[in-house]
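Peer 1: Quick one: the structure is below, questions incoming.
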Amino acid sequence: MAAARRRLLAVAALVLAPLTVVFSRRAPTIFFPFGSFTPNPTSFTAIWDYYLRYTNGLPEYLVAWGIAVVLVVLAILSALSGVVWREDARVTAALLALAGASNLAFAGGFIPRVGYTGVPVGTLLLWTVVWWYYRDAFRRVLAVTERQPD
């Protein structure tokens, strides 16, 4: 039970960590799972405002941020199930790994934009949690075994 609590704490802490930092000529923008923050001029946009209010027809790479956030929330719920009931660590590991890949796509979407650089900090953090707490489960996700004919 103590190991499940440690895993839950590590996964839940990812909500406070930045997923991507986008550097531009003006000021960096920090994308968290709950919204984006720009220090100069100081502004904060909640993620639900970003997707439901201010934008219409986003490019695919910008949608990847929201997908990563949904996957992180699902991973937190999966880890929470390990504290209150049973956790399938393979599910949590896969959700975190996919969230990291989605975040990488989000940061990579800024590559063709002149004057913008996306740094996928969250991808490193997500994949570190997978490696530290879920590496055996993730290996089982990736393992391909052949069934023996009957």
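Heads up, the Cβ atoms here are built off N, Cα and C, so glycines get one too.
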Peer 1: For the transmembrane segment entry in TrEMBL, name the matching range from 9-26, 117-134.
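Peer 2: It is 117-134 that TrEMBL annotates as transmembrane segment.
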Peer 1: Could you tell me the mean pLDDT over the domain 'DUF8050' (3-141), as a whole number?
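Peer 2: Averaging the confidence scores along the domain 'DUF8050' (3-141) gives 92.
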Peer 1: Let's see if you can do this one: DSSP helix, strand and coil counts over the domain 'DUF8050' (3-141), in that order.
Peer 2: 83 helix, 21 strand, 35 coil
